[in-house]
Amino acid sequence: MSIITGKTKLLGIIGHPVEHSLSPVMQNAEIKRLGVDYIYIPFPVKPENLETALDGFATIGVMGFNATIPHKQAIIPLLSEVTTTAKLVGAVNTVWRTEIGWKGTNTDVIGFVTPLKALNRDWNTIKPIILGNGGAARAVVVGLAELGCRDICVVGRDKDKLGQFKQSWDTSELQASITVHSWDELSGMVSESQLIVNTTPIGMFPHTQNSPVDSNLWEKLPNNAIAYDLIYNPSPTQFLKDAKQQGLTVIDGLDMLVYQGAAALEIWLQQPVSATVMSEALKQSLFS
């Protein structure tokens with residue numbers, strides 16, 4: 001894409017606010033490399049205008065779009081079709097046009113699991129710990145279940161919200177795989193875990209010195225354990241710095257951001273894309 005014409009196909013992201021989104025940077029970088037006549041645009045859409053926006057997108061021929069806060073749950077009843085993955089997560093982040101209307105899925109799941117698959121572990125034997133019980137934790141639970149994990153521990157600080165999180169899976173096939181635990185239990189659990197995932201915002205810019213766990217926690221984990229932080233700014237976080245200092249394998253939130261975006265672009269374009277190009281564009285935007 002170099003010049004926008006009457007034939008240029010529209011992609012984008014809806015949110016409120018959406019001005020801070022990094023998706024246009026990485027998506028347009030790969031669109032340019034591929035030489036396809038598309039452009040990816042941020043669309044600020046207030047919650048009360050969501051249905052109107054979808055009608056407008058259909059009218060002007062938008063081919064597909066990402067949905068971010070606060071639309072990832074609210075958009076579901078407005079879609080003609082939703083994938084099983086998105087239903088399990090309870091949120092949609094990627095939407096595309098079909099013959100019967102809009103179809104939605106959640107590429108956060110594939111974004112999360114792709115870096116883990118590259119490690120070639122026996123996931124059936126791994127007992128992961130998830131820090132936090134918000135929306136991001138739901139995608140992580142679904143991803144871990146897809147990998148084959150059958151004993152998924154979710155740790156949170158608010159007892160009521162933890163209970164609600166657990167209850168929200170009661171009608172799901174994953175219900176038996178999930179246990180919830182208070183933060184006080186964490187220290188006694190980590191010696192049996194080979195994967196710890198931070199889904200909380202603790203350590204996010206500008207509070208870069210913070211970590212959701214004490215630095216001495218890492219010495220209790222097995223030597224082959226993996227630390228995964230969904231935060232991508234800073235890169236690495238204090239959480240990952242402490243884990244790496246202990247010699248553990250670390251995965252940055254930038255990987256998840258890139259792979260979920262690449263998965264969405266492949267759905268829209270129906271062709272393979274380069275996650276490397278998207279990653280480099282993001283790093284340049286964030287850190288140069």
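Glycine residues also receive a Cβ, built from the backbone N, Cα and C atoms like all the rest.
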| message | Need one residue: from Leu116, Leu230, Leu269, Leu282, the one Swiss-Prot lists with Gly132, Asn133, Gly134, Gly135, Ala136, Gly253 for NADP(+). | response | Leu230
| task | May I have the list of same-chain residues other than Ser21, Leu22, Ser23, Thr68, Asn93, Asp108, Tyr232 whose Cβ is within 8 Å of the Cβ centroid of the recorded shikimate site, in sequence order? | result | Ile13, Asn66, Leu257, Gln260, Gly261
| said: Through the lens of DSSP with three states only, how would you label Thr68 (shikimate binding site)? | reply: coil
| query | Nearest to Gly253 (NADP(+) binding site) by Cα distance: which of the binding-site residues Leu22, Asn93, Tyr232 is it? | reply | Tyr232
| task | Check the binding-site residues Leu22, Ala136, Leu230 for other C-beta atoms within 10 angstroms of each C-beta and report the one with the most. | result | Leu230
| message | Out of Gly132, Gly134, Gly135, Gly253, which of these binding-site residues shows the lowest number of other CB atoms within 10 Å of its CB? | response | Gly134
| task | Can you tell me which recorded positions out of Lys72, Gly132, Asn133, Gly134, Ala136, Leu230 are within 10 A of Asn93 (shikimate binding site) by Cα, answering none if there aren't any? | result | Lys72
